[in-house]
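Q: Once you've had a glance at the structure underneath, I'll fire off some questions.
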Amino acid sequence: MPLISIQNAFLAFSDLEILKNAVLYINKKERISLIGKNGAGKSTLLKVINKNQELDHGSIIYQKNIKISYLKQDNPKNLDISIYDFIKNQLKKENNKEININTIVEIKKIIKTFQIDKHSLLSELSGGSLRKVVLGSALLSQPDVLLLDEPTNHLDINTIAWLEKFLKKFSGTTLFISHDRSFIQNLCTRIIDLDRGKLTSFPGDYKEFIKLKKENNRIEKTKKKLFDQHLEKEEIWIRKGIKARTTRNEGRVRNLKVLRKEYKNYKKIENFNNVIINEIKNYSGKIIFKLKNISFFIEKKTIIQSFSSIIQYGDKIGLIGNNGSGKSTMIKILMGEKKIQKGSIHFGTKLNIAYFDQDRSTLDSNKSILENVNNGREKIVLNGKEQHLIGYLKKFLFKPNQMKCLVKNLSGGECNRLLLAKLFLKPSNVLILDEPTNDLDLDTLELLENIIIKYSGTVLIVSHDRNFIENTVNKYWIFKGDGLINTHFSSHNNIIKEKNKKIQKKYVLNPIKSNISFLKTKQNQVKKELKKVLNEIEKIENSIKTLKIQMNEPDFFKQHIKNQLPIVKQFNIEEKKLEKILIYWENLEKKL
């Protein structure tokens with residue numbers, strides 16, 4: 001017998017159908033991934049299963065004495081409580097009884113795993129740490145069915161890996177919503193697709209699901225095309241009038257009425273269509289940012305320690321590290337919102353930065369969708385072409401009747417789609433994206449990936465979505481903690497493998513001290529050489545700058561060619577020198 005059975009379920013809010021004659025069986029020890037577009041009703045379905053939302057029609061049957069634990073997408077509102085007391089209170093509420101000594105031990109153990117002080121207040125925690133605590137309380141209640149709504153949001157990569165291992169060992173059933181494709185692929189035993197009110201079951205292989213889903217959509221579009229052709233033919237027939245009134249043709253008239261009803265109820269497959277970004281091409285210089293021995297501290301804590309790097313036009317850099325390791329701080333430094341205490345930053349010329357803020361601070365929750373984008377003006381200009389704002393927003397799957405909807409009434413995914421619509425409208429040659437994948441459905445993720453891949457400017461991304469990072473960047477800044485940042489040119493998967501090997505070797509090998517000192521000496525030599533190279537780069541750039549000033553003089557090209565040539569030749573020589581030395585600098589960084 002299934003743990004939970006949903007039969008002939010109907011649920012609608014106004015004209016939006018969430019469930020339409022839906023059927024679902026949830027069995028023991030399953031790990032089910034619930035997939036669907038933003039606004040399809042995934043979170044609502046979890047609320048139905050958790051008895052927070054009633055069905056309009058249909059039935060839901062639970063196995064006797066079943067225990068369900070539910071991790072919501074939103075964090076708790078009361079934050080003036082210690083971590084330990086919060087988890088203890090949640091468990092009391094779940095179990096309806098006092099906590100025993102074994103549970104206290106388990107609470108302390110899980111808090112230790114998350115590396116957080118148990119006496120800290122929830123209000124003192126970062127978004128990621130708070131998510132860990134809420135997650136911990138849900139896991140400790142030992143339910144038969146665990147409902148998780150976007151459990152990986154705000155979690156760092158190490159914690160996501162820990163969660164995967166935990167859920168694989170978990171003896172109960174898990175039903176989860178997630179946009180993290182690696183998490184889905186590694187974990188689920190079955191996929192449930194919620195699409196236009198229907199629930200369809202697929203085998204638990206995400207890559208195979210994508211193939212099957214695309215094939216299903218292709219077949220559906222073909223059927224719809226044939227249906228439309230048949231309906232059109234019948235409409236032409238009925239308009240002829242006289243023949244349709246005969247008794248013999250009454251059945252055909254009735255069939256036409258059925259076809260019209262089917263057409264009215266039909267919900268088409270919605271996909272992003274021709275979304276482009278307002279890109280300024282070849283407008284900035286080759287060097288976007290040059291960081292030289294930069295350091296940043298908060299009181300006595302080192303966030304960034306003596307970091308040097310050159311970001312060139314076209315670089316796509318992924319910022320990876322645990323929560324609190326300094327990724328968002330680095331973004332704010334590059335945005336000019338925070339000042340470094342040591343070192344220097346050179347900002348490139350004519351930079352136009354488009355910034356995706358994970359806190360959505362650029363959206364006014366009390367204004368409508370239209371008012372938030374382009375200040376509500378009807379026309380927009382995208383890559384030099386004028387178009388209607390409503391037509392532009394429809395490409396991001398916003399319907400015309402939603403345009404006056406207030407942002408505070410939108411789902412998390414809809415807010416992020418709106419933020420992307422606003423971001424792509426801004427003319428840019430640099431994209432800075434701080435956790436852009438949170439709350440996005442899988443189709444929107446794919447759209448964002450494709451846009452970043454095609455974008456010819458510079459991109460910096462903070463994300464814990466392993467697939468997203470792997471598919472979009474060509475260089476990594478690995479934030480180690482204690483201010484240390486390493487640059488890698490390998491793929492993210494290789495970085496993780498390398499890290500795991502090092503952890504294993506740490507407990508197996510006992511390297512000879514002389515080898516360690518040799519490696520340190522070699523590393524110090526590379527660091528010295530890097531300093532020399534950075535100084536040389538600075539000299540060449542200053543030389544290019546001086547030559548440019550001379551060449552930009554109004555009368556420069558009016559003078560005799562003999563006077564022009566030496567300066568133009570020298571300019572070309574310096575440009576080539578800069579190209580070569582930048583390649584040498586990148587190779588040196590790889591050796592660190």
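Note that Cβ sites are derived from N, Cα and C of the backbone, with glycine treated the same way.
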Q: Per Swiss-Prot, which of 236-270, 341-375, 516-550 is coiled coil?
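A: Residues 516-550 are the ones Swiss-Prot records as coiled coil.
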Q: Can you tell which of the binding-site residues GLY321, ASN323, SER325, GLY326, LYS327 lies nearest to LYS42 (ATP 1 binding site) in space, using Cα positions?
A: ASN323
Q: Need one number: mean pLDDT over the region 'C-terminal domain (CTD), binds DNA' (518-592).
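A: Here the mean pLDDT over the region 'C-terminal domain (CTD), binds DNA' (518-592) amounts to 75.
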Q: Within 8 Å of the centroid of the Cβ atoms of GLY321, ASN322, ASN323, GLY324, SER325, GLY326, LYS327, SER328, which other residues of that chain place their own Cβ, given that this set defines the recorded ATP 2 site?
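A: In sequence order, the nearby non-listed residues are ASP156, THR329, PHE479, GLY481.
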Q: Which number gives the other C-beta atoms within 10 angstroms of the C-beta of LYS37 (ATP 1 binding site), all protein chains shown included?
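A: LYS37 (ATP 1 binding site): 19 neighbouring Cβ atoms within 10 Å.
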Q: How many other Cβ atoms sit within 10 Å of the Cβ of ASN322 (ATP 2 binding site)?
A: 18
Q: Could you state the whole-number distance in Å separating the C-alpha atoms of LYS327 (ATP 2 binding site) and ASN38 (ATP 1 binding site)?
A: 28
Q: Around the ATP 1 site formed by GLY36, LYS37, ASN38, GLY39, ALA40, GLY41, LYS42, SER43, which additional residues qualify by having Cβ within 8 Å of the site's Cβ center?
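A: Going along the sequence, the neighbours appear as THR44, LEU194, SER411, GLY413, ASP441.
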